[in-house]
């Protein structure tokens, strides 16, 4: 060690400089950290929450963009941001509603109750146990715990009544506790003066200070008030509290009573009054205590207790006055609490009595009465909880109500399969997804057997009136209408955390099932617009998870439709997503018995799948008789090829019974083809294979007859193969029937005239030559030849601008009828040989008709001319 180090002044100076340098370094580091941190805003937590609520109101989640939503989400999670410094949580400060504080207060109440009973008893009866070592040890331990209680009170938060903030600042906590009366009461009651002064009258006086410990018993009211339990249970606890207070009061009165009468020992109990003496003062402590306890109860009831001395008269009169007020107050409150505790039971019993009276008046059968009573008993607790929730929410502000909703729906959302999968997959935005999903939910309360969604109902045009539902509490049933049995079937029960209603929102189809509540139900509902906005804010994986959940639905209706479309050749081998797109694009439709599904010459624009009933496919024979080709049962498919080409239908389809069907339009199929190239390619193959085939789909359906399959012992594949060959044969027969009918079809006058006019347009030069030689034609009275008839047609076309009066029109109609019959005879010579001609038409007659038409055409108005020209131009060739 150097001389410099051995000098104490130098060493001290060095230590001082080193300490200052270290202090400066720490202050510099702290300043740098403070510069990096954001400054703390000096507004209260209540003001901060109000600002957040205002932000949530003006920038509601429906209209908030992604940045605003992120702000709301982040700020709602900050507990110590934008608050006054005194409201910032600190270490070693106990929260007033913490579990530790609750159980510590319960211990303090128990110890204070021990003191409340022992201190008056020792002062009045002075038992020998009061001087024992074990009692002194207990008293010392209690006093130590009460001192600890004083220290804890200096470190326990409190609520600022002006701002509503919970104060964590130690100085403010200490100041509030010191300036209040509670500190001085706790301090005086914790001083063990009675243990320090063991003899004399001062000992009793100081012992009375211990009665201040009874103030700690009053914490029982605060503890009960802070309990989060049912209203009837809390009423019972309050009732127990009042009985406990009354017991303490009676014990205190009994001790005062004995302390007064024991001073002069002149008081005689009523039982010994006739003897003018008593042995009560020499009896055991227990006997004396029970005797005065009995008289204390009588004193509270304002009964005679036979006071002797002046002191007794004064004290007992005062105690009777106090007891009358206590009696009126406590017993009144007890009556109110008993009524409040039994309020729910009384209301339920009143409803039961009303129901029993109504059922008796209606003479309801006993079995039905039993079911009604069981239902009321089963739903009682759920109904009570729902009514309590409504009452609670009616007293909350909108912002607090939204926070309650978030709490309810967050717990339910975590039970949802999709949200739970996101959580366990450790998605980087899991918290944001849950927060965003929950904030879009509104509360919906449902009663038992309430229909939440009804099958086959259309979505509303307003997207804010179509909802996705999340079950928060309760359960509901999924019901599918079985149209073949005309009944509803419950296929599934959904519990807390399940969601429903998304199928129609994704596919824009009718509701696919009926959802009915089994009991009182608490739901969260999200509008279609909010649901779309929620999906758009996150990656497509969220939407894919919802769709994958839809793919797992296996209700009987979906299974039936999936099985049905798998029979169609161009839907075989498609993806599950496309299958669901097809199934949910099918629309239900119902037909009455005898209803016509389609008829010949109708254009096929829909494909049908029979769900229930029987459809007859038939044609009309020559005598208008119906020839049934096939009867189509459940699972049969109609027009699965014809509607691809908008083909004209060649048969009739009639409902032999009431029929329920599903149909898909060609427009919906076009959208599916646009989304799935595989389906589009397979349909293109069908179109290319049939484009050059004449009338290849005369009959177009796939037969399904489940009853026939059950009766037939052959394998199903063999039956379907035979049905396919039969279908080909029937299609060939229908093809030839159509051809024969086309050949046998008789032309009408308009077709003949139009064909003649079209032919003349193509052979205009030859027609002019025939017109030049028209005057030299030899009128021999022969019937019109083909060339001569063409000339007549040309003249009618060229001279159609002439006007005919009414008489000429009637004459021409009759003569053209004769012309038609002659034309028919010319077209069918064999018929002309068998049947005599009723009347003939000479060339001269035809010419006269033409001339009459030419001469009368000039006076026709322009409107009628245009109508005639339109009618002639509308004729179609054979």
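Residue numbers in this text run from 1 along the chain shown.
Using N, Cα and C of the backbone, Cβ positions are placed for all residues, glycine too.
Summarising the annotation, TrEMBL assigns compositional bias 'Basic and acidic residues' to 1-11 (among others).
As annotated by TrEMBL, region 'Disordered' applies to 1-40 (among others).
Here TrEMBL flags 12-21 as compositional bias 'Basic residues'.
Look at TrEMBL and you will find 22-32 (among others) tagged as compositional bias 'Basic and acidic residues'.
Summarising the annotation, TrEMBL assigns transmembrane segment to 102-125 (among others). Sequence-distant contacts of the transmembrane segment (102-125) (same chain, at least 6 residues past either end, Cβ-Cβ under 8 Å): 138, 142, 145-146, 149, 152, 204, 207-208, 210-211, 213-217, 219-220, 222-223, 226, 244, 248, 251-252, 254-256, 258-259, 262, 285, 288-289.
Residues annotated as transmembrane segment in TrEMBL: 131-152 (among others). Here the transmembrane segment (131-152) has long-range neighbours at 94, 101, 104, 107-108, 111, 114-115, 183, 186-187, 189-192, 194-195, 198, 213, 216, meaning same-chain residues at least 6 beyond its ends whose C-beta is under 8 angstroms from one of its own.
Annotation comment: TrEMBL describes 242-261 (among others) as transmembrane segment.
According to TrEMBL, the feature transmembrane segment maps to 289-306 (among others).
What TrEMBL records for 313-338 (among others) is transmembrane segment.
Here TrEMBL flags 468-535 (among others) as domain 'Cyclic nucleotide-binding'.
Positions annotated as domain 'Cyclic nucleotide-binding' by TrEMBL: 570-671 (among others).
If you look up TrEMBL, you'll see 854-878 (among others) marked as region 'Disordered'.
As annotated by TrEMBL, compositional bias 'Basic and acidic residues' applies to 860-870 (among others).
Panel annotation: around the transmembrane segment (289-306), residues 121, 125, 249-251, 253-255, 257-258, 261, 267-270, 273, 280, 283, 316, 319-320, 323-324, 326-327 of the same chain, lying at least six beyond its termini, place a Cβ under 8 Å from a Cβ of the stretch. Across the domain 'Cyclic nucleotide-binding' (468-535), DSSP helix (H, G, I), strand (E, B) and coil residues number 14 helix, 34 strand, 20 coil. Counting only same-chain residues 6+ beyond the ends of the transmembrane segment (242-261), those with a CB under 8 A from a CB of the stretch are 113, 116-117, 120-121, 123-125, 214, 217, 220, 267, 288-289, 292-293, 295-297, 299-300, 311-312, 315-316, 319, 323, 326, 330, 333-334, 337. Across the domain 'Cyclic nucleotide-binding' (570-671), the model assigns an average pLDDT of 87.
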